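Worksheet: the structure to be examined is printed underneath.
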Amino acid sequence: MGVKDILSRKTGVIVGDDVLRLFQHAQEKVFAIPAINVTSSSTVVAALEAARDKNSPIILQVSQGGAAFFAGKGVPNGKQEASVAGAIAAAHYIRSIAPSYGIPVVLHTDHCAKKLLPWLDGMLDADECYFKLHNEPLFSSHMIDLSEESVEWNIETTAKYLKRAAPMKQWLEMEIGITGGEEDGVNNESVDNNSLYTQPEDIYTIYKTLSAISPYFSIAAGFGNVHGVYKPGNVRLHPELLSKHQAYVKEKTGSSKNKPVYLVFHGGSGSTKAEFKEAISYGVVKVNLDTDLQYAYLSGVRDFVLKKKDYLMSAVGNPEGEDKPNKKYFDPRVWIREGEKTMSARVQEAFDDFNTSNQL
């Protein structure tokens, strides 16, 4: 049985119970869905092509900075207005184009720290407006990241937002335990290493609190994760901690499931296949990738420019003749497409690494 056999909506953006079914199926079949950060229609297309070609479900997500870029750098963002508008624009674009690729897509928003809560509020306003018209939220899910705050305030505030999302059957991802490194303007490179590891007791408290509100939630637990890419050996991941979290929650709740918690792997760029495989075996259903894909996109553009540099120095004139036009080389559709190709190839690798290929 494949993913499409269990979903009520087979292609395009899925919501509510379909998201829950997808994550349940992922745990049962021991695979995780790549969560790809997108910042433009071009990166959306690259990711969707990879999922189609690998016959796989995919998660597309926009960060606060990525959403602002989607809106345009000329739009003011002092009150998160560009990030709200850009996220909504990305959502409508993805909803419009995703069915053409014949795959199920989870439409998600990435890290929302305390200072960015107005961004989340604005998107939830849009979700509720969309829900009134279509009986489903605009976004499949959101991510609230209050891991830098006290555990108590983190859980209390996350619960408040889950209560708002629950009537729409909207998924909410939360983070406990800081992910190191730097991403999208949030810098945790100097945090104490002990802060990178979540305790089982905290996972249970979160699970108990949130499950009383809604089943539509997942937890990004810290097990040494770091955003960005670093030299081998500089990042010490301990995926085995995730197994302890599952066992502790199972014991405390008396659950019949060996993996009662839907877990998320943040800071996936640069991790080894073995680390991915082990984490997924402990109930990770979503793995975030961003930095690797940024570099993959660049590599296609870079290689094209270096290879064709003699055709890119002027609009007219190249090694074939001083009157020869170069439009077919400098047309943005040409070199942007090269970036899409290399990014798509890297996303395809992720489907293989996470055992997601041919799961539809």
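Just so you know, glycine gets a Cβ as well, placed from its N, Cα and C.
Features as listed in Swiss-Prot:
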BINDING   Ser63  D-glyceraldehyde 3-phosphate binding site
ACT_SITE  Asp110  active site, proton donor
BINDING   His111, His227, His266  Zn(2+) 1 binding site
BINDING   Asp145, Glu175  Zn(2+) 2 binding site
BINDING   Gly228, Gly267, Gly268, Ser269  dihydroxyacetone phosphate binding site
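Ser63 (D-glyceraldehyde 3-phosphate binding site) and Asp110 (active site, proton donor) have their C-alpha atoms 5 Å apart, to the nearest angstrom. Comparing the Cα of Asp145 (Zn(2+) 2 binding site) with the Cα of every entry in Asp110, His111, His266, Gly267, these being the recorded positions, the smallest distance points to His111. The two recorded residues, His111 (Zn(2+) 1 binding site) and Glu175 (Zn(2+) 2 binding site), have Cα atoms 9 Å apart. The residue listed as 'active site, proton donor' is 11 Å away from Glu175 (Zn(2+) 2 binding site) when you measure Cα to Cα. When the binding-site residues His111, His266 are compared by the number of other C-beta atoms lying within 10 angstroms of their own C-beta, His111 comes out lowest. Secondary structure at His111 (Zn(2+) 1 binding site), taken from DSSP and collapsed to helix, strand or coil, is coil. Taking only the Cα positions, the spacing between His266 (Zn(2+) 1 binding site) and Asp110 (active site, proton donor) is 10 angstrom. Counting Cβ atoms from all protein chains shown, the residue listed as 'active site, proton donor' has 24 others lying within 10 Å of its own Cβ. On the backbone, the CA of Gly267 (dihydroxyacetone phosphate binding site) and the CA of Asp110 (active site, proton donor) stand 12 Å apart.
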